[in-house]
Amino acid sequence: YGGMGLDFSYNIAVAEELGNIRCGGIPMAIGVQTGMATPALTRFGSDELKKQFLVPTIAGDFVACLGISEPGAGSDVANIKTTAVRKGNEYVINGGKMWITSGSQADWMCLLANTSEGPPHRNKSLICLPMDLPGIHVAKKIDKLGMRSSDTAQIFFEDVKVPSKNLIGEEGKGFTYQMLQFQEERLWGVATVLTPLETIIKETIDYTRQRKVFDQPVLHNQTVHFRLAELATEVELLRSLLHRAVALYVEGNDVTKFASMAKLKAGRLAREVTDSCLQFWGGMGFTSEVLVSRFYRDLRLMSIGGGTDETMLSIICKYMAILPSK
């Protein structure tokens, strides 16, 4: 379908390299194309759907977005309210989505909607939804703390009609498909923060070596250079966990636990590195002129988007069998 036929480890290599871009929004937008909106279509979509949506998305002619989150259902995917009711050869969609990356410019959406009245984990389906259909309203581009180069939209659906052949895979399997899709999204997200964190540490070393306080470079304080050494060690540990998870995933294993651990650690470490390094920049770190302040804002999303830290902890606890039985 226009791709290179490589395994998922190459996606991660690309994600790490994209970390050299000096902002978070562009790698995130690319990640939506490669690891968030398209994996389910690639795995479970019909040949016709792949030709219609996947081929132009891989070619870069289509922009894709992922329609999961809603105002009352972010990480709680099972609680989404958007419906797609089957009527003849069409689905009629009503509801809305929130915090949709690339939503203002997307050509199509990988939409998760309730297609029946059954249990919340078995009543959802994924649908390829062209974004130029009547009844789709892109309400606004959201003004955000960080990732400001990325457009994030709120979108409403009012009696939107889409052909039933646009269903990805089987009806009622959407939640399961999305959980699989989340693993690639979370691993991609982890990979994109590694290089920025290394860059921030390096630039902080360079700056604190030049900046003098009380007649000596800031870097020469043991508190400073020991802390930077600790942070660099944590980044390397995160990289090792990511690469282990990816290797297991490529071999066909379930890496939900490791992907969740890596996502949790990446979010927390992103906050730790950017906050600690910004402190060493002093007043300059509080300006918009330096990279550390941008990543302080941009990478804060890592602990929220694609599943919050708390969601990751719940998943890890489930796999460790330490959650109380209901």
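Cβ coordinates are placed from backbone N, Cα and C, and glycine is handled just like the others.
Whatever TrEMBL says is automated annotation, not expert-curated.
As recorded in TrEMBL:
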- 1-61: domain 'Acyl-CoA dehydrogenase/oxidase N-terminal' (DOMAIN)
- 65-160: domain 'Acyl-CoA oxidase/dehydrogenase middle' (DOMAIN)
- 172-318: domain 'Acyl-CoA dehydrogenase/oxidase C-terminal' (DOMAIN)
The predicted model's mean pLDDT over the domain 'Acyl-CoA dehydrogenase/oxidase C-terminal' (172-318) is 97
In the domain 'Acyl-CoA dehydrogenase/oxidase C-terminal' (172-318), how many residues does DSSP put in helix, strand and coil?
-> 123 helix, 4 strand, 20 coil
